[in-house]
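Take a look at the structure below.
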C-alpha cells in the first residue's frame, strides 16, 4: 500500500513514481486511473504554513475505492475461472468412470416403453428409489422437483425432465408408479420394468440396492444408494448429488453445467 506524506520532498518523490501496470487486469486499470488523477491535481495544496499537502481527502478516498474495486473484480474473475476448471476436471473424471453407459428398456407410469434415447435433447434429473420407502425417497424426490421448479422459474433456461426409477420391481408396477409420482410434479416420469430390466438400468448407473427380509405382513425395506443424477442433452452422465446437497446447491450446479454445455454429438 502507498502512504501519502506531508513532507514536500517525499511528496515530490511520490509524484515521480510510475506505477506498474498489469495489462488486461482490473487492478492495472485502477492504477492507470490513480496516475491520471494524480497528474490532474496541478499545484499541491498548501496548509496554514505553506507546506504542500498533496491531493485532497476526497481524491484520496476515490483513488483508494477504485483501486480496491479493481482488486475485488480481479479476485472474482480468478475465483470464477478456478470453479470452472474444477467443474471441468470433475466432469471428465465422472465420464471416465463410465457411469450411465449403455441403454435401458423400461415402462413409464403410463405403460409406454421407454429407453435412454427418448431423453436425448433434454436435461434430466434422475433418482433411483422405491414407492414404499418411508422417508428418504420422498425427501429426495421433493428436493429433486424443487430444483426443477427453481429452474423452470428462470426465463431462458431449458426445461429439466425429472425421472424416478424404481429399485423394487416386485411391488412397483405401472399402476403403483402412477399413483406415486402424481404427488410430486406433473412432469415427473416414473419408470419400472422386470427384475432383469431394473437391474440392468441400476447397474449402468452404479446404483446399489438390496431387498431386506420380509416381515409377517410381507413388507420389506430396500436398502439402496442415494444420489440424484444429472444427464445432459447428449444423454451423457454429467454429475451426481448426494443427500447432503441442498436444492439451491444442485440448482447452481445445473446452471453451471448448462452454461458450459457443448454437444459432442452434433
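Every residue, even glycine, has its Cβ placed from backbone N, Cα and C.
When Swiss-Prot records 133, 137 as binding Cu cation, the matching candidate from 203, 224 it lists for that site is 224. Taking Swiss-Prot as the reference, the stretch among 61-78, 79-96, 97-114 described by the feature transmembrane segment is residues 61-78. For the recorded site, residue 133 (Cu cation binding site), the DSSP three-state label reads coil. Using the Cβ center of 133, 137, 224 for Cu cation, the list of other same-chain residues with Cβ within 8 Å runs, in sequence order, 128, 129, 130, 136, 140, 167, 222, 226. It is 133, among the binding-site residues 133, 137, whose Cβ has the fewest other Cβ atoms within 10 Å in the structure shown.
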